[in-house]
């Protein structure tokens, strides 16, 4: 789903006002659901979620938090719903055998770093994580899902995008009214700079919540000066295009697709033909690459990024406290 343009406009936009009553009902139901008590996993649970629908950087944040957990001497495992995959789980993700159509794209990325479990039933997924030897569970998404109790929930916010018009879906991008989400959050991770993210950070600080600034950092690449046709099926493809431009790539065309888009053969053929016509290389994201057939992916460049925190030690201290570590 591509977010409608009016989500980024003010709350007085005619479409937002027209959908306001429906958003109020949806938001009230979502908020009531969030307040339900969850089952205990038997080990600490850290949740990387977001206030809004769409991409904010939860998966890079989950990877970075899991790395900090491992540095503290714990054994993390990832737990995901597996959005876009057909398997209900619980199942351990095996990148050598599973496809994105089965388990979703993000779990395939997570499973490269630590055991990853896909489960629509989060408590059952947590039990499988424990059986795999995990003593800390890192949830990729699930802030609004109450079925599993969390020891620390960090809301990931895209700095440039912020929270849009601040209204609940479908009038805006919020998954529930913001005032009802704050009590479930223990801190923020704000990725990138922007007025929207700054406003959310100030609201968090007024509530005494820690705010962790972060940025996406490119892994080593040799894209400078290369003609690139960029394609991506992610929440905010413009972030990907901007990162490519920062790498010095010459972007001769872009092809945005919906988030989690399953690429069809005719679409891939059209991409290959467009790249040939433009005398360009195809470039995409890691998340898109795992959704491509292996033979096609072999001819596509992948831009790899990681999340770097402005003050990793501050986040490490907060995680240590959530784990009950000395």
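Backbone N, Cα and C atoms are what each Cβ position is placed from, and that goes for glycine too.
Annotated in Swiss-Prot:
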type: BINDING; residues: 52, 53, 54, 55, 56, 57, 58, 59; note: ATP binding site
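Listed in sequence order, the residues 50, 156, 158, 235 complete the 8 Å Cβ shell around the ATP site centroid, once 52, 53, 54, 55, 56, 57, 58, 59 themselves are left out. Note on residue 55 (ATP binding site): other Cβ atoms within 10 Å of its Cβ, all shown chains, come to 21.
Neighbour counts were taken at the CB atom with a 10 A radius for the binding-site residues 54, 57; the maximum falls on 57. Note on the binding-site residues 53, 56: the fewest other CB atoms within 10 A surround the CB of 53. The binding-site residues in question are 52, 59, and the one with the fewest Cβ neighbours inside 10 Å is 59. Listed in sequence order, 48, 49, 50, 106, 140, 141, 156 are the same-chain residues six or more apart from residue 58 (ATP binding site) with CB atoms under 8 A from its CB.
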